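Here is what TrEMBL says about this protein:
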- D289: active site (ACT_SITE)
- Q107, K123, T222, L223, W224, L225, E294, D309: ATP binding site (BINDING)
- D142, D309: Mn(2+) binding site (BINDING)
- 188-397: domain 'FAM20 C-terminal' (DOMAIN)
Amino acid sequence: MKLKQRVVLLAILLVIFIFTKVFLIDNLDTSAANREDQRAFQRMLSGLRVALDPRLEHTLQSPWEIAAQWVVPREVYPEDTPELGAVMHAMTTKRIIKADVGYKGTQLKALLILEGGQKVVFKPKRYARDYVVEGEPYAGYDRHNAEVAAFHLDRILGFRRAPLVVGRFVNLRTEIKPVATEQLLGTFMTVGNNTCFYGKCYYCRETEPACADGDIMEGSVTLWLPDVWPLQKHRHPWGRTYREGKLARWEYDESYCEAVKKTSPYDSGPRLLDIIDTAVFDYLIGNADRHHYESFQDDEGASMLILLDNAKSFGNPALDERSILAPLYQCCIIRVSTWNRLNYLKNGVLKSALKTAMLHDPISPVLSDPHLDALDQRLLSILATVKQCTDQFGPDVVLVEDRMTLSHL
(Lines of atoms letter the chains of each structure in order from A; the text may use other names.)
(Lines give C-alpha, C1' and ligand atoms only; values in the text may rest on other atoms or scores of the structure.)
Protein backbone atom coordinates (compact mmCIF):
# COMPACT_ATOMS: atom_id res chain seq x y z
CA MET A 1 0.00 0.00 0.00
CA LYS A 2 1.33 3.35 -1.01
CA LEU A 3 2.15 5.96 1.60
CA LYS A 4 -0.62 8.28 0.34
CA GLN A 5 -3.21 5.48 0.64
CA ARG A 6 -2.00 4.66 4.14
CA VAL A 7 -2.35 8.30 5.20
CA VAL A 8 -5.89 8.46 3.78
CA LEU A 9 -6.82 5.17 5.50
CA LEU A 10 -5.39 6.34 8.80
CA ALA A 11 -7.27 9.62 8.48
CA ILE A 12 -10.53 7.76 7.83
CA LEU A 13 -9.92 5.46 10.80
CA LEU A 14 -9.11 8.46 12.98
CA VAL A 15 -12.36 10.20 12.00
CA ILE A 16 -14.31 7.00 12.68
CA PHE A 17 -12.58 6.62 16.06
CA ILE A 18 -13.29 10.23 17.08
CA PHE A 19 -16.92 10.01 15.92
CA THR A 20 -17.44 6.71 17.74
CA LYS A 21 -15.80 8.04 20.90
CA VAL A 22 -17.88 11.22 20.91
CA PHE A 23 -21.04 9.26 20.12
CA LEU A 24 -20.41 6.77 22.89
CA ILE A 25 -19.53 9.46 25.42
CA ASP A 26 -22.62 11.45 24.53
CA ASN A 27 -24.78 8.35 24.89
CA LEU A 28 -23.13 7.42 28.16
CA ASP A 29 -23.62 10.95 29.48
CA THR A 30 -27.26 10.93 28.42
CA SER A 31 -27.81 7.49 29.93
CA ALA A 32 -26.13 8.56 33.17
CA ALA A 33 -28.25 11.71 33.27
CA ASN A 34 -31.41 9.72 32.63
CA ARG A 35 -30.47 7.24 35.33
CA GLU A 36 -29.97 10.13 37.77
CA ASP A 37 -33.38 11.50 36.79
CA GLN A 38 -34.89 8.09 37.53
CA ARG A 39 -33.14 7.91 40.91
CA ALA A 40 -34.29 11.45 41.77
CA PHE A 41 -37.85 10.46 40.89
CA GLN A 42 -37.70 7.43 43.16
CA ARG A 43 -36.28 9.55 46.00
CA MET A 44 -39.14 12.01 45.52
CA LEU A 45 -41.72 9.23 45.68
CA SER A 46 -40.19 7.79 48.84
CA GLY A 47 -40.36 11.20 50.55
CA LEU A 48 -43.86 12.19 49.43
CA ARG A 49 -45.56 11.79 52.80
CA VAL A 50 -44.65 14.72 55.04
CA ALA A 51 -45.78 14.05 58.59
CA LEU A 52 -46.24 17.35 60.45
CA ASP A 53 -43.97 16.47 63.35
CA PRO A 54 -42.48 19.12 65.68
CA ARG A 55 -39.27 17.18 66.31
CA LEU A 56 -36.05 18.49 64.80
CA GLU A 57 -33.76 15.49 65.01
CA HIS A 58 -30.85 16.74 62.93
CA THR A 59 -30.24 20.23 64.29
CA LEU A 60 -30.61 22.57 67.25
CA GLN A 61 -31.69 25.44 65.02
CA SER A 62 -35.21 26.84 64.91
CA PRO A 63 -37.43 25.72 62.01
CA TRP A 64 -37.29 29.28 60.61
CA GLU A 65 -33.46 29.26 60.55
CA ILE A 66 -33.48 25.90 58.78
CA ALA A 67 -35.91 27.04 56.08
CA ALA A 68 -33.96 30.28 55.53
CA GLN A 69 -30.73 28.36 54.97
CA TRP A 70 -32.38 26.16 52.35
CA VAL A 71 -32.82 29.06 49.93
CA VAL A 72 -30.24 29.33 47.13
CA PRO A 73 -30.45 30.97 43.67
CA ARG A 74 -31.93 27.87 42.04
CA GLU A 75 -33.99 26.32 44.87
CA VAL A 76 -36.30 27.34 47.69
CA TYR A 77 -35.74 24.02 49.45
CA PRO A 78 -33.36 21.13 48.75
CA GLU A 79 -34.24 17.67 47.48
CA ASP A 80 -33.36 16.07 50.82
CA THR A 81 -35.41 17.79 53.55
CA PRO A 82 -35.71 15.65 56.70
CA GLU A 83 -36.86 18.75 58.61
CA LEU A 84 -39.63 19.68 56.15
CA GLY A 85 -42.35 18.22 58.36
CA ALA A 86 -41.10 20.16 61.38
CA VAL A 87 -41.01 23.46 59.46
CA MET A 88 -44.54 22.91 58.15
CA HIS A 89 -45.73 21.89 61.62
CA ALA A 90 -44.39 25.19 62.96
CA MET A 91 -46.18 27.08 60.18
CA THR A 92 -49.51 25.58 61.14
CA THR A 93 -49.19 25.67 64.95
CA LYS A 94 -46.87 28.49 66.10
CA ARG A 95 -48.59 31.30 67.97
CA ILE A 96 -49.53 34.36 65.91
CA ILE A 97 -47.93 37.44 67.48
CA LYS A 98 -49.03 40.03 64.91
CA ALA A 99 -51.59 40.27 62.10
CA ASP A 100 -51.78 42.95 59.42
CA VAL A 101 -53.31 43.53 56.01
CA GLY A 102 -51.58 41.72 53.18
CA TYR A 103 -48.90 43.15 50.98
CA LYS A 104 -49.85 44.84 47.73
CA GLY A 105 -51.94 42.82 45.34
CA THR A 106 -55.37 42.28 43.86
CA GLN A 107 -56.65 39.59 46.25
CA LEU A 108 -57.52 39.34 49.94
CA LYS A 109 -54.75 38.08 52.21
CA ALA A 110 -53.32 38.81 55.64
CA LEU A 111 -49.71 39.09 56.74
CA LEU A 112 -49.08 37.15 59.93
CA ILE A 113 -45.98 37.08 62.10
CA LEU A 114 -45.52 33.83 63.98
CA GLU A 115 -43.68 33.22 67.21
CA GLY A 116 -39.97 33.49 66.46
CA GLY A 117 -40.50 36.38 64.06
CA GLN A 118 -41.37 34.42 60.93
CA LYS A 119 -43.64 36.11 58.37
CA VAL A 120 -46.30 34.07 56.57
CA VAL A 121 -49.04 35.05 54.14
CA PHE A 122 -52.51 33.83 55.13
CA LYS A 123 -55.09 33.29 52.39
CA PRO A 124 -58.63 32.55 53.60
CA LYS A 125 -61.06 29.95 52.30
CA ARG A 126 -63.57 31.43 49.86
CA TYR A 127 -65.01 28.36 48.13
CA ALA A 128 -66.09 24.82 48.97
CA ARG A 129 -63.87 22.10 47.46
CA ASP A 130 -66.42 21.14 44.80
CA TYR A 131 -67.22 24.71 43.73
CA VAL A 132 -66.53 25.31 40.04
CA VAL A 133 -65.32 28.79 39.07
CA GLU A 134 -67.01 29.71 35.78
CA GLY A 135 -65.93 32.32 33.26
CA GLU A 136 -62.44 33.35 32.24
CA PRO A 137 -59.61 31.01 33.32
CA TYR A 138 -58.37 33.70 35.73
CA ALA A 139 -61.82 34.44 37.19
CA GLY A 140 -62.89 34.26 40.82
CA TYR A 141 -61.29 34.75 44.21
CA ASP A 142 -57.97 33.23 45.19
CA ARG A 143 -58.21 29.58 46.21
CA HIS A 144 -56.28 28.84 49.42
CA ASN A 145 -56.25 25.09 48.75
CA ALA A 146 -54.73 25.74 45.33
CA GLU A 147 -51.66 27.21 47.04
CA VAL A 148 -51.28 24.01 49.07
CA ALA A 149 -51.73 21.73 46.06
CA ALA A 150 -49.38 23.79 43.87
CA PHE A 151 -46.59 23.57 46.46
CA HIS A 152 -46.81 19.78 46.53
CA LEU A 153 -46.94 19.61 42.74
CA ASP A 154 -43.74 21.68 42.71
CA ARG A 155 -42.15 18.99 44.90
CA ILE A 156 -43.40 16.20 42.64
CA LEU A 157 -42.12 17.87 39.47
CA GLY A 158 -38.73 18.31 41.12
CA PHE A 159 -38.64 22.07 40.49
CA ARG A 160 -38.41 23.14 44.17
CA ARG A 161 -39.16 26.76 43.21
CA ALA A 162 -42.36 27.33 45.21
CA PRO A 163 -42.26 28.67 48.78
CA LEU A 164 -43.53 26.28 51.45
CA VAL A 165 -47.31 26.24 51.92
CA VAL A 166 -49.49 24.40 54.43
CA GLY A 167 -53.13 24.59 55.48
CA ARG A 168 -54.06 26.16 58.79
CA PHE A 169 -57.19 26.81 60.86
CA VAL A 170 -57.19 30.07 62.82
CA ASN A 171 -59.59 31.43 65.41
CA LEU A 172 -60.25 34.99 64.26
CA ARG A 173 -61.60 36.06 67.63
CA THR A 174 -58.86 34.68 69.90
CA GLU A 175 -55.80 34.41 67.58
CA ILE A 176 -56.12 37.29 65.13
CA LYS A 177 -58.16 40.17 66.57
CA PRO A 178 -56.08 40.57 69.80
CA VAL A 179 -52.87 41.01 67.76
CA ALA A 180 -54.30 42.73 64.66
CA THR A 181 -53.22 46.17 63.52
CA GLU A 182 -55.84 48.90 63.45
CA GLN A 183 -55.80 48.79 59.66
CA LEU A 184 -56.73 45.08 59.62
CA LEU A 185 -59.06 45.29 62.61
CA GLY A 186 -61.06 48.01 60.87
CA THR A 187 -62.08 45.51 58.18
CA PHE A 188 -63.63 42.98 60.60
CA MET A 189 -67.38 42.49 60.76
CA THR A 190 -69.96 39.95 61.84
CA VAL A 191 -72.26 38.33 59.29
CA GLY A 192 -74.90 36.24 61.00
CA ASN A 193 -72.98 34.21 63.56
CA ASN A 194 -69.73 34.30 61.56
CA THR A 195 -66.67 36.51 62.02
CA CYS A 196 -65.52 38.02 58.71
CA PHE A 197 -62.93 40.43 57.33
CA TYR A 198 -62.31 42.02 53.95
CA GLY A 199 -58.77 43.38 54.31
CA LYS A 200 -57.04 45.83 51.99
CA CYS A 201 -56.30 45.06 48.36
CA TYR A 202 -57.19 46.20 44.85
CA TYR A 203 -60.35 44.07 44.68
CA CYS A 204 -61.14 43.97 48.42
CA ARG A 205 -64.69 45.17 49.14
CA GLU A 206 -66.68 45.52 52.34
CA THR A 207 -69.51 43.83 50.46
CA GLU A 208 -67.34 40.76 49.73
CA PRO A 209 -65.72 39.67 53.00
CA ALA A 210 -64.20 36.28 53.74
CA CYS A 211 -66.13 34.63 56.54
CA ALA A 212 -65.16 32.02 59.10
CA ASP A 213 -67.34 29.16 60.26
CA GLY A 214 -68.27 30.91 63.48
CA ASP A 215 -64.83 32.11 64.59
CA ILE A 216 -62.78 29.35 62.93
CA MET A 217 -61.39 30.20 59.50
CA GLU A 218 -59.72 27.72 57.19
CA GLY A 219 -56.85 29.01 55.08
CA SER A 220 -53.34 28.49 53.81
CA VAL A 221 -50.08 29.95 55.08
CA THR A 222 -47.14 30.58 52.73
CA LEU A 223 -43.68 30.94 54.20
CA TRP A 224 -42.16 34.36 53.50
CA LEU A 225 -38.80 34.13 51.75
CA PRO A 226 -35.80 35.41 53.76
CA ASP A 227 -35.23 39.17 53.59
CA VAL A 228 -31.62 38.53 52.53
CA TRP A 229 -33.08 37.33 49.23
CA PRO A 230 -34.96 40.41 47.93
CA LEU A 231 -37.23 39.80 44.95
CA GLN A 232 -37.31 41.42 41.56
CA LYS A 233 -40.58 41.54 39.61
CA HIS A 234 -40.68 40.93 35.85
CA ARG A 235 -43.46 41.15 33.31
CA HIS A 236 -44.14 37.69 31.94
CA PRO A 237 -43.37 37.64 28.18
CA TRP A 238 -46.51 35.56 27.64
CA GLY A 239 -48.70 37.71 29.91
CA ARG A 240 -52.30 38.55 28.96
CA THR A 241 -53.62 42.05 28.31
CA TYR A 242 -56.73 41.50 30.48
CA ARG A 243 -58.56 43.82 28.07
CA GLU A 244 -61.54 42.60 26.11
CA GLY A 245 -60.85 42.62 22.39
CA LYS A 246 -57.12 43.36 22.78
CA LEU A 247 -54.74 40.48 22.21
CA ALA A 248 -51.14 40.25 23.34
CA ARG A 249 -48.60 39.70 20.57
CA TRP A 250 -48.05 36.06 21.50
CA GLU A 251 -51.75 35.37 20.97
CA TYR A 252 -51.58 36.10 17.23
CA ASP A 253 -47.89 35.83 16.30
CA GLU A 254 -46.75 32.20 16.09
CA SER A 255 -43.13 33.31 15.65
CA TYR A 256 -43.25 35.32 18.89
CA CYS A 257 -40.76 33.06 20.67
CA GLU A 258 -38.02 34.02 18.22
CA ALA A 259 -38.41 37.64 19.30
CA VAL A 260 -38.32 36.64 22.99
CA LYS A 261 -35.09 34.71 22.44
CA LYS A 262 -33.40 37.93 21.30
CA THR A 263 -34.20 39.87 24.48
CA SER A 264 -32.56 39.72 27.90
CA PRO A 265 -32.72 37.62 30.08
CA TYR A 266 -34.14 35.07 27.63
CA ASP A 267 -31.26 35.26 25.18
CA SER A 268 -28.92 33.32 27.51
CA GLY A 269 -28.96 31.43 30.79
CA PRO A 270 -31.77 29.33 32.24
CA ARG A 271 -34.64 31.85 32.28
CA LEU A 272 -36.41 30.80 29.06
CA LEU A 273 -36.33 27.16 30.13
CA ASP A 274 -37.76 28.27 33.48
CA ILE A 275 -40.59 29.95 31.57
CA ILE A 276 -41.25 26.64 29.77
CA ASP A 277 -41.22 24.71 33.08
CA THR A 278 -43.63 27.26 34.53
CA ALA A 279 -45.97 26.89 31.54
CA VAL A 280 -46.07 23.13 32.20
CA PHE A 281 -46.69 23.75 35.91
CA ASP A 282 -49.40 26.36 35.27
CA TYR A 283 -51.18 24.25 32.67
CA LEU A 284 -51.38 21.32 35.07
CA ILE A 285 -52.91 23.47 37.83
CA GLY A 286 -55.03 25.58 35.45
CA ASN A 287 -53.33 28.89 36.30
CA ALA A 288 -53.78 31.41 33.48
CA ASP A 289 -52.98 34.42 35.66
CA ARG A 290 -49.18 34.61 35.70
CA HIS A 291 -48.94 38.09 34.21
CA HIS A 292 -45.76 38.80 36.23
CA TYR A 293 -43.19 36.63 37.93
CA GLU A 294 -40.42 37.07 40.49
CA SER A 295 -36.75 36.16 40.60
CA PHE A 296 -34.07 37.14 43.07
CA GLN A 297 -32.67 40.63 42.63
CA ASP A 298 -29.48 41.37 40.70
CA ASP A 299 -29.39 37.82 39.39
CA GLU A 300 -28.54 38.71 35.76
CA GLY A 301 -30.95 36.00 34.66
CA ALA A 302 -29.23 33.22 36.62
CA SER A 303 -31.71 32.69 39.46
CA MET A 304 -34.85 30.64 39.16
CA LEU A 305 -38.29 31.89 38.26
CA ILE A 306 -39.94 31.64 41.68
CA LEU A 307 -43.38 30.02 41.65
CA LEU A 308 -45.22 32.56 43.81
CA ASP A 309 -48.98 33.26 43.97
CA ASN A 310 -50.53 30.08 42.59
CA ALA A 311 -54.00 30.68 44.05
CA LYS A 312 -55.78 31.33 40.72
CA SER A 313 -55.58 27.58 40.09
CA PHE A 314 -57.86 24.55 40.34
CA GLY A 315 -60.92 26.65 39.57
CA ASN A 316 -62.58 24.53 36.88
CA PRO A 317 -61.50 20.92 36.34
CA ALA A 318 -63.35 20.78 33.02
CA LEU A 319 -61.44 23.72 31.53
CA ASP A 320 -58.09 22.97 29.90
CA GLU A 321 -56.77 26.39 28.89
CA ARG A 322 -54.33 25.45 26.14
CA SER A 323 -53.05 29.01 25.75
CA ILE A 324 -51.16 28.54 29.05
CA LEU A 325 -48.86 26.20 27.10
CA ALA A 326 -47.98 28.86 24.49
CA PRO A 327 -44.33 29.16 25.62
CA LEU A 328 -43.93 25.41 25.12
CA TYR A 329 -45.61 25.01 21.74
CA GLN A 330 -44.24 28.27 20.31
CA CYS A 331 -40.63 27.71 21.43
CA CYS A 332 -40.70 23.92 21.12
CA ILE A 333 -37.99 23.37 23.73
CA ILE A 334 -38.09 21.73 27.14
CA ARG A 335 -35.53 20.51 29.66
CA VAL A 336 -34.66 16.83 29.34
CA SER A 337 -35.06 16.48 33.11
CA THR A 338 -38.56 17.97 32.96
CA TRP A 339 -39.47 15.74 30.02
CA ASN A 340 -38.23 12.66 31.89
CA ARG A 341 -40.14 13.59 35.04
CA LEU A 342 -43.38 14.13 33.10
CA ASN A 343 -43.04 10.70 31.50
CA TYR A 344 -42.48 9.06 34.88
CA LEU A 345 -45.73 10.64 36.10
CA LYS A 346 -48.08 9.34 33.42
CA ASN A 347 -50.50 6.40 33.74
CA GLY A 348 -52.12 7.78 36.90
CA VAL A 349 -48.88 8.25 38.85
CA LEU A 350 -49.29 12.05 39.04
CA LYS A 351 -52.76 11.91 40.57
CA SER A 352 -51.70 9.26 43.05
CA ALA A 353 -48.52 11.10 44.01
CA LEU A 354 -50.27 14.42 44.61
CA LYS A 355 -53.02 12.77 46.63
CA THR A 356 -50.40 11.05 48.79
CA ALA A 357 -48.33 14.23 49.22
CA MET A 358 -51.33 16.21 50.50
CA LEU A 359 -52.69 13.50 52.77
CA HIS A 360 -51.24 14.89 56.03
CA ASP A 361 -52.14 18.52 55.42
CA PRO A 362 -54.41 19.95 58.14
CA ILE A 363 -57.05 20.96 55.55
CA SER A 364 -57.03 17.57 53.77
CA PRO A 365 -58.71 16.64 51.46
CA VAL A 366 -57.11 19.55 49.64
CA LEU A 367 -58.60 18.91 46.17
CA SER A 368 -61.75 17.25 44.91
CA ASP A 369 -61.43 14.14 42.75
CA PRO A 370 -62.36 15.94 39.48
CA HIS A 371 -59.34 18.24 39.92
CA LEU A 372 -57.04 15.27 40.53
CA ASP A 373 -58.41 13.51 37.45
CA ALA A 374 -57.89 16.69 35.42
CA LEU A 375 -54.17 16.67 36.27
CA ASP A 376 -53.66 13.29 34.61
CA GLN A 377 -55.57 14.39 31.51
CA ARG A 378 -53.61 17.65 31.22
CA LEU A 379 -50.37 15.72 31.57
CA LEU A 380 -51.27 13.73 28.45
CA SER A 381 -51.85 17.00 26.56
CA ILE A 382 -48.39 18.25 27.57
CA LEU A 383 -46.73 15.02 26.45
CA ALA A 384 -48.62 15.18 23.13
CA THR A 385 -47.49 18.78 22.61
CA VAL A 386 -43.83 17.85 23.12
CA LYS A 387 -44.30 14.88 20.77
CA GLN A 388 -45.60 17.23 18.06
CA CYS A 389 -42.50 19.37 18.55
CA THR A 390 -40.09 16.44 18.34
CA ASP A 391 -41.87 15.12 15.23
CA GLN A 392 -41.42 18.53 13.59
CA PHE A 393 -37.94 19.52 14.74
CA GLY A 394 -36.37 16.35 16.13
CA PRO A 395 -35.60 15.45 19.77
CA ASP A 396 -32.07 16.89 19.59
CA VAL A 397 -33.54 20.37 19.06
CA VAL A 398 -36.52 20.11 21.42
CA LEU A 399 -35.03 18.29 24.41
CA VAL A 400 -32.45 20.60 25.96
CA GLU A 401 -29.88 19.70 28.58
CA ASP A 402 -29.76 22.26 31.36
CA ARG A 403 -28.46 20.64 34.51
CA MET A 404 -27.05 23.07 37.05
CA THR A 405 -25.08 22.02 40.09
CA LEU A 406 -26.89 23.20 43.19
CA SER A 407 -25.01 23.93 46.38
CA HIS A 408 -26.34 24.18 49.93
CA LEU A 409 -22.97 24.76 51.55
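Yeah, the Cβs are placed from backbone N, Cα and C, and that goes for glycine too.
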Candidates Q107, T222: member of the binding-site residues with the richest Cβ shell (10 Å)
T222
Cβ proximity for the residue listed as 'active site', under 8 A, sequence spacing 6+, ordered by residue number, returns P137, Y138, K312
Among D142, E294, D309 [binding-site residues], residue with fewest other Cβ within 10 Å:
E294
Site extent for ATP (largest Cα pair distance over Q107, K123, T222, L223, W224, L225, E294, D309, Å):
19
Which has the fewest other CB atoms in a 10 Å radius around its CB: L223, L225, the listed binding-site residues?
L225
For the C-alpha pair, I'd like the distance in angstrom between E294 (ATP binding site) and D142 (Mn(2+) binding site), rounded off.
19
